[in-house]
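Below: one structure, written as structure tokens.
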């Protein structure tokens, strides 16, 4: 029982180390990664390479999936290049699994020591966050060592040998078990490395190990799809496409599994190296084969998960991705985009002013009232979103930006209410007392409206650039 607990704790440490690396990288380079992933991704080779590099940086294809689905959900990226990036992320994960199998025992204590020194001494600076990344990398290397050590006695137990002996090389059954490994460990990387350890200790044969690796890939796709359950349809389409690609990979390898295993077995490497090598080869070949099919896959995902148009009701936030809350730079950028949307609604209210001032158009007044309700709904959503951010993790710049967003949303909400009340009162006065403005007065009000709209656009531009 203690040995099993050691194994589970080692897997948990691996997951935690990966989380620390991901959050550290995103806090330091989140804005740059956002820019790289959301711009200039129309060329497929560039998007594919970006997926590999970003996954290598954040140490997790699930983390890359979180970023990409967030950008697609916010309209910063279309579905087709997002699917290309996800294919690159699969190759990036396989590359990292190969790197992490090298003898890096000397690196773990060094990274943890230096990381703690930098993180504690300069916690709120970029160097401090890079120290956090160092701690995470050290924990990853340490966790991999602990997994190998903890799995050794387990794999020699008679009951475990009987359990794995029941896996006779049936690809579908082995893939199902591999997917369960990935779901339980919350990491396809941990599942693949554990499979390599089992193969290295001869608890399972090579055909079973290959099935487990393929299943671990599918499990990671299922994890990403489940993680996007709270996102909008556009974001879930990306995760669905990635999952379908991994399922199609299972179908592609099914007819050639036996000759492939026979060929791999003749290479003369250790079983552990063969498993890791197959993982890299399989993901690379699969992704290159499927790269030309991203456009049809995008259409298939759009058909399976169609966009649903909102009918009536208050405006709903489009950019407040809950999965980005653990990464302040991304969460703040989401809040900024939603705040600008509030500004657009208020500009529409200002544009309706003259129609109310010139005549007795009740429909326009009702439209202004609806826009005011939308502004209030977005204000409440942004305020709640920012309140969920961990303020203690914000640096000085992010704290200042957080306060700026709160201040502007409050002012915009107040301005919206003021416009709505003023126009409603004017409409009531004109209807009850049959009063109207003179032509000279209307011209002055028109000039004032133009000035207000200009000032609003200028203020939003300054807010967006942060140049103040």
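Note that Cβ sites are derived from N, Cα and C of the backbone, with glycine treated the same way.
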- Pick from 104-121, 266-283, 284-301: which range has transmembrane segment per TrEMBL? 104-121
- Item | transmembrane segment range according to TrEMBL, out of 203-226, 323-346 | 203-226
- Query: Counting Cβ pairs under 8 Å to the transmembrane segment (238-257), which of 47-69, 104-121, 133-155, 175-196, 203-226 comes out on top?
  - Reply: 203-226
